[in-house]
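Written out below as structure tokens is the structure these notes cover.
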Amino acid sequence: MDVLSHLTDGFASAFSPMHLLLAFAGCTLGSLVGVLPGLGPATTVALLLPLTYVFDPVGALVLFAGIYYGGMYGGSTTAILLNVPGETASVPTTLEGHPMARSGRAGAALATAAIGSFVAGTISTVAITFIGPAMSRVAESIQPAEYFAVMVLAFATVTAVVADAPARGLCSLFLGLAIGLVGIDSLTGQVRYAFGVPELYDGVQVVAVAVGLFAIGEGLYTAARMRRAPEEQMLPVGGRIGMSREDWGRSWKPWLRGTAIGLPIGALPAGGAEIPTFLSYNLERRLSQHKKQFGKGAIEGVAGPEAANNAAFSGVLMPLLTLGIPTSATASVLLIAFQMYDVQPGPQLFQTQSALVWTLIASLYIGNVMLLVLNLPMIPLWVRLLKLPRPLLTAGIIVFATLGVYALSQNAVDLAIAVAFGVLGFLMRRTGYPVAPLILGAVLGPMTETQFRRALAFSEGDWTVFLTRPVSAGILCLALASLAGPMAVRLLRRRRSVPSI
Amino acid sequence: MSTPQAIQQPWGPRVAALLFLAAGVVVLGWAFAIPERATDQDVGPRAFPLLVGMGLCVSATFSTVQAFRGADREQTEQAREEARLTDWGPVAALLGLLVGYLFALTPCGYWQSTAVLFTLVARVLGSRKPLRDAAVGLVLALAVYILFDRLLGIHLPPGIIRLAF
């Protein structure tokens, strides 16, 4: 077996003391930062990006695999204990997990989230191991027109999922694409949108955009609300972290169902983690024998969505590694980490960077185990971090955010860009514009344009090429449907005057 | 715009939509300034910016119309709630600190300006223990400086007061 021998090599490399240490450090740092209120996985990964300047590519990606999982895991802890979802995908967890914590069952909620994440993460990693190489072979034969269509689909689904009003999501997406245009055009050497600033010739640093939007924006948001908004009360973990026999009985099916929902949706180049978590939540509510408990702390409502979330998170790595297409904000930031090392994920990655990919996949297995074995008992310790004074925590976030941006190229222009995007992120958040499409557009924009122009070059300038090729046309129709679908549903609902949820 | 109902409308959505619209106009307008060679058949550097600019203009126009009409009830509600909870003083102060930091970083040095930034940000965010904050800030800034500049070789500005080693 080709896959197994590659995987063995990967494990051999991942089990080196240095890489084990990095995986552990990643999980720990990820959960530590992710547990801070308001810091979702995307922000966590963005904040910790400066760490990539320090290690070799393989070591850095092993570290980031840990941060990726740890950040999400820390996020579910905050959702349960503080009722603050770090990102949209954690909303279902707050719906059931927080009531559980309020009735003294925080330990069970944290345990089912952690074990469910482990189960889902491991199953999904097995899927990546065996399907990933096959998918990358398929990806190799994709033509530019289809490539462009797939990216449009990714844009459409991320835009449609986050906002109910597509106009707002599209504003965010197109602004992101515009940011990706800045700098020297890679095909002709033409400078675009640099406005005479030499620092912009290489383009806007996406790290500065991500850190600004997520971390500095969060700081401004905290500052705005600190006096008038009620501070969230943190609940104690009360009792040991673990599950009773009944909890196990009620959890294992939702874990598997959550995985079955999250993995395929995440693995499609159109997924994200929001849809599967909400789908899983609704499914569990429908199937549960304890329907009355829902909204008051039903364990199924934590187990299913958390598993779905983690499965989707792992599934997202599939299009990221094989196509180079991120389908969530967090995956976009992860792609930035790859690009900092001139590692371009895509169809060739499994061949050109075989050692790197397989070490990364092996560390996903290891990271999952580490999170379960090492972090579950340490949750009370992370929670104590939340007792630090909030002003100091936020000041610390600001210091690390600015450090990460400055260390990037040691000039103040990047820092100014980050501050500007901090203000933008703050305004967008207050007015209901989603930021995920913006960061996705900024990261993926240049590649989209390249494929777009290649497709038109092949067709000798014929713009109908995207619609006359059946596969490309089909994917574009899907993209249109995913944007227009939710709108149509809303219109229908309004006409029938059924109250929307 | 002087009816009581208009006053109750939060201004956030309108400002945001107009900002997007302005960005759209800039992207579209400057796209025409990108030279396109007419000789070759390939699509040049102007086509994609034109598409993006048009997309941004169209969606921002939609948003603007909605914001001024208050048609998007969900957005209006959210913006109103945010407006109720927002205190602009700390936001302006934090922003001022960040801009000041931008300019202070190179002349004053990394750890010096970062220690001050930390202390003042904590103060702006409501901390009332300046001595403790300053101590934490100084230790943190020095630790980061030594770790990055001295151990990892990522250069950070040293400033006027240099460390003895």
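Each residue, glycine too, has its Cβ placed from N, Cα and C.
The transmembrane segment annotation in TrEMBL covers A:20-39, A:108-132, A:144-163, A:170-191, A:203-224, A:320-341, A:356-376, A:388-406, A:472-492. The annotation domain 'DUF112' is assigned in TrEMBL to A:20-440.
Under 8 Å from some Cβ of the transmembrane segment (A:356-376) lie the Cβ atoms of residues 6-7, 9-11, 13-15, 19-20, 23-24, 26-28, 31, 57-58, 61-62, 65-66, 69-70, 73, 110-111, 114-115, 117-118, 121-122, 125, 128-129, 132, 241, 314, 317, 321, 343, 349-350, 382, all in the same chain and six or more residues away from its ends. Simply put, out of A:170-191, A:388-406, A:472-492, A:472-492 has the most Cβ pairs sitting under 8 Å from the transmembrane segment (A:144-163). Within the chain, the transmembrane segment (A:203-224) has long-range Cβ neighbours (under 8 A, six or more residues past its boundaries) at 38-40, 42-43, 46-47, 49, 179-180, 182-184, 332-333, 336, 339-340, 390, 394, 397-398, 400-401, 404-405, 408-409, 414-415, 417-426, 428-430, 435, 438-439, 442-443, 446. When Cβ-Cβ distances below 8 Å are used as the criterion, the transmembrane segment (A:170-191) is approached by residues 155, 158-159, 163, 200-204, 209, 428, 433-446, 448-450, 453 of the same chain, each at least six residues removed from its ends. Within the model, the domain 'DUF112' (A:20-440) shows a mean pLDDT value of 87, rounded to a whole number.
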